[in-house]
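All remarks here apply to the structure that follows.
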């Protein structure tokens, strides 16, 4: 749901009222910009959520802020440390982690009765109901993927570089948690609950051996503490850092997983039905797999039952504390009295989990598909894509071919025929859109590999699902490295399919197989950058919807390495100085359906400095991140193309006769068919292995697998296409059959994203390094 302040807030509760005029006077003096509108009056309302530290929405004119303060009255020791919240948010904001911008901390209790801090108000979506009603299953899955990826990001931060000295002890975290929450519970208990005592004893006796692991943990990481982008399934702010410290990361992951084991006798924390009744929510094992993949750790987590039991124990302790404050009259929420009845069921659930062995590895399907198993959602989407292709895409091939044949000499040849645009709207309506991007689709690379194979069977199918190159790579760049302004201006319309883009890297006057040869310059000039140089093989530049170019160039700096002199910048195609010189043919084919491949000149093009992506000298780094998944996407589609070619070959071999027998009865043709099937199975497995490596280890660690399939797939498919052409004779190279065009496409892939020879050299280097490490280990 869109965050609605009027619905999320109430009049300040009587026990939390404070002197608003005193606060306003203080903020006028200490918060820059707060008093700029002298006619505006400060209004204060209180958020319904926030059971611990009272949270308030401040509005003054067009300015909006959020204030967090300590609750009044007698408090439990070491609780409600507002200064710690401010400190950790300030540190996280400085490294780009999504938190509201912290603005001011006040330790002077005389201003509003307690210490407090103020942060920016973040406008977005907060989902109070874990089942996330009102969105499609695809969006629901993507929201949960983004949620767990953000948690993995938090746990991957280097705590020593955050400047949070003495923020937490870290080592021995689990033992301290059990001890702390036992004491907190005992200090606030209003009745005896045997399950709490038994669970406390079990936890203390079963502490994990890995209690020395430490990172920054949130302490209360769950769906309704997250602000999502208004339109995208992307986390833009993590809230409520009261319980954060240095500790064991699995405590956060277990807390996020509470709803998977929620007792049916108890209403859900965030309303909603139970997990089994919601389509699109990943299985717990799938969520854990995504988390572990992002952190590069083994998904088979030891002591998972301990962390789940600890989470229920901790939540029961929190519930008891909330009820205790209600009894004392300083509760932060209207419905605090309801928590009294939750303590015992939570404790009993934790006790039950302590006696179970919990698996964190996704369940496997049948033995045949066990090697690279798709997720439940991946299987569902693949089935729907296959059905969509069969019912809508393949039947449209003839109409699309006729359009480009009729418009080959007109400007309309660069546009999509109406049938493709209709198919795109249909695919979007069915949720089969942007499937390549895990944060949007909720799919893994293995999931997408098999989907991309299906779309590779038709020239224009990737466009139908908004999964076409080079837009997929450019959207990946903006998603991973773009600023909020860049995402809003360019990523959002790309994700909607309103515009397309072009990637400008290869140059006509240098050997582009060595990317460091680049001549195109990107030079700073005040508040702008000047882009000057020539690019070619800029795919998609001729599409009338192409509105933005992602340009790689040199920002010269003699004091750094040759891989630190490249930068990447966004250049709107209508900027003065951007010139489309000519389209380039591929074996005579113009590739109209994808907007062609163009030579583009940038003649002293001036763009704002804010168009630079990530920073100066980061271009090569971004390129490697972009090309990793992008390279295997090409290979995934090529497997589908190979299947289509083999189908055409077999049809011909069955229909035609030579020398008194069918073509397939000639041993040489039969062997070609057999060798083609073997080759397809080989490259499919290697493609899936590369996808699996990206899923589990990340793009950097999967470099060798990516390079291997980038060499193997196009080469194998070229051979299959050559055999099919040979089976067709002269017809195979004519316009009557698609084989010549297919061969042109796949032959080009042996050059695109780096030629075979560059990848072979890289593979050899990595193999020698691996062998050297193994030899050293044996010695």
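A Cβ is built for glycine as well, from the same backbone N, Cα and C atoms used for every other residue.
Record features (Swiss-Prot):
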MOD_RES   175  N6-acetyllysine
MOD_RES   210  phosphoserine
MOD_RES   323  phosphotyrosine
MOD_RES   368  N6-succinyllysine
MOD_RES   390  N6-succinyllysine
BINDING   503-513, 537-539, 656, 726-730, 755-757  FAD binding site
BINDING   513, 628, 629, 630, 631, 754  substrate binding site
MOD_RES   765  N6-acetyllysine
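Following the DSSP three-state reduction, the secondary structure of residue 538 (FAD binding site) is strand. Cα distances from residue 175 (N6-acetyllysine) to the recorded positions 210, 629, 630, 729, 765 are smallest for 210. The binding-site residues listed here are 506, 509, 512, 726; among them, 506 has the most other Cβ atoms within 10 Å of its own Cβ. With residue 390 (N6-succinyllysine) as the anchor, the candidate binding-site residues are 503, 513, 629, 754, 756, and the one with the nearest CA is 629. Of all the binding-site residues listed here (629, 630, 729, 754), it is 729 whose C-beta has the fewest other C-beta atoms within 10 angstroms.
For the recorded site, residue 175 (N6-acetyllysine), the DSSP three-state label reads helix. For the recorded positions 210, 513, 629, 630, 631, 765, a Cα-Cα cutoff of 10 angstroms around residue 506 (FAD binding site) retains 513. Neighbours of residue 756 (FAD binding site), defined as other CB atoms within 10 A of its CB across all chains, total 16. Note on proximity: among 210, 503, 512, 538, 765, the recorded positions of the record, the Cα nearest residue 630 (substrate binding site) is that of 503. By the criterion of other Cβ atoms within 10 Å of the residue's own Cβ, the least surrounded of the modified residues 175, 390 is 390. Taking Cα separation as the measure, residue 629 (substrate binding site) is nearest to 538 of the recorded positions 210, 538, 729.
With the fewest other Cβ atoms inside 10 Å of its Cβ, the least crowded of the recorded positions 631, 765 in this structure is 765. If you measure from the Cα atom of residue 513 (substrate binding site) to that of residue 756 (FAD binding site), you get 10 Å.
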